[in-house]
Amino acid sequence: MDNSLPTLLSTLQESLSAAILPVETSLLPPQNGISLLDLKNELFLSYLQNLVFLILLKLRHATDSEKDSTKSLELNEEATKKLVALRLYLEKGIKPLEGRLAYQINKVVKAADDAAAAAAISNARPKLGKPKKADAFEDSGSDEGSSSDESEIVDELSYRPNPAALLRPSAESAKTGKASEPSDGIYRPPRITATAMPTSGPKKERKERTMKSQTMEEFVRQELSTAPLAEPSIGSTIVAGGRRVKGERERADEAERAEYEEKMLTRLAPLTKKEKAKRGHTERSSGYGGEEWRDLGAGLDRIENLTKRKGGGQLDKSRKRKIDVADGPRDSGAVGNGMGNEFAKRKRTVMKRFR
């Protein structure tokens with residue numbers, strides 16, 4: 001190598017000029033493929049080398065003398081530290097990165113396998129003329145068999161999200177979509193699934209729905225259930241001099257109210273008149289003397305509600321009013337048996353009240 005001054009100056013000028021030029025940045029993959037796989041293989045190889053070295057030290061330590069024992073212990077400690085560091089790199093560095101890049105790695109490997117398989121198939125099938133009919137049938141049968149075999153293998157990468165679905169359709173695709181529709185100027189409603197409108201409202205359904213028997217529910221829960229139940233104290237459920245018994249729902253509401261007052265150290269507001277009236281109505285309709293009598297007249301009430309005639313307005317009342325159509329003098333309202341008699345009768349009734 002020439003170490004003369006002119007040669008060194010020319011080399012220095014070339015280096016400086018090359019350093020000034022911008023570096024071309026490319027997004028091409030590296031030459032050796034995915035560097036993570038190379039790093040993983042190198043770490044495994046280094047781990048195996050250190051492990052074999054440590055085993056060799058253990059074997060030599062059993063036959064060495066006391067002078068060499070201190071040196072072997074130092075080497076043993078260094079090899080152990082190296083193994084711990086390599087294991088840490090593998091567990092905390094390589095494994096998480098491999099989990100994150102598993103999708104990309106599988107995609108690259110699958111693309112390489114598909115390319116190799118396509119090249120092998122193209123080389124195995126030379127270009128010939130048109131096949132005969134028998135050959136065509138045989139090829140179609142073989143293709144169907146291969147397609148059925150391929151359909152059994154589920155490609156996990158086919159379930160990846162489609163980023164193209166997030167893009168807006170271009171103007172050309174919109175024009176082609178509009179051109180496919182008939183342009184005769186006739187309005188055509190969109191084709192949607194026919195939906196039947198509800199025939200009755202929720203109020204009517206709620207009214208026609210049969211009420212659940214609280215006594216029957218408690219009986220089924222107590223007699224047919226094998227789970228242990230907490231029974232109330234004797235006499236604590238008797239209300240209104242024995243004319244009524246507290247139900248399970250009412251006891252649960254009172255227990256919840258008492259628990260809230262004890263926990264929050266406050267008194268809840270008493271029931272309003274509306275709530276008391278509603279509770280009294282439910283108590284009267286639910287039972288008497290601890291028994292429910294509602295079911296006895298439920299059928300009759302339902303028949304009566306269905307056959308009952310709706311009350312009319314003033315028109316029906318005027319039609320029901322009795323009018324005497326007998327012949328008589330029509331010029332005076334006070335004479336005869338017509339509307340004048342009814343008016344005079346009401347007048348006398350009102351005058352009696354003011355006397």
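Every residue gets a Cβ built from N, Cα and C, even glycine.
Just so you know, TrEMBL annotations are computer predictions that nobody has curated.
Summarising the annotation, TrEMBL assigns region 'Disordered' to 128-214 (among others).
Per TrEMBL, compositional bias 'Acidic residues' is recorded for 137-155.
Under the heading compositional bias 'Basic and acidic residues', TrEMBL lists 202-211 (among others).
The compositional bias 'Basic and acidic residues' annotation in TrEMBL covers 245-265 (among others).
As annotated by TrEMBL, region 'Disordered' applies to 245-355 (among others).
The compositional bias 'Basic and acidic residues' annotation in TrEMBL covers 291-307 (among others).
Marked as compositional bias 'Basic residues' by TrEMBL: 345-355. Taking H, G and I as helix, E and B as strand and the rest as coil, DSSP gives the compositional bias 'Basic residues' (345-355) the counts 10 helix, 0 strand, 1 coil.
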Statement: Across the compositional bias 'Basic and acidic residues' (245-265), DSSP labelling yields 17 helix, 1 strand, 3 coil
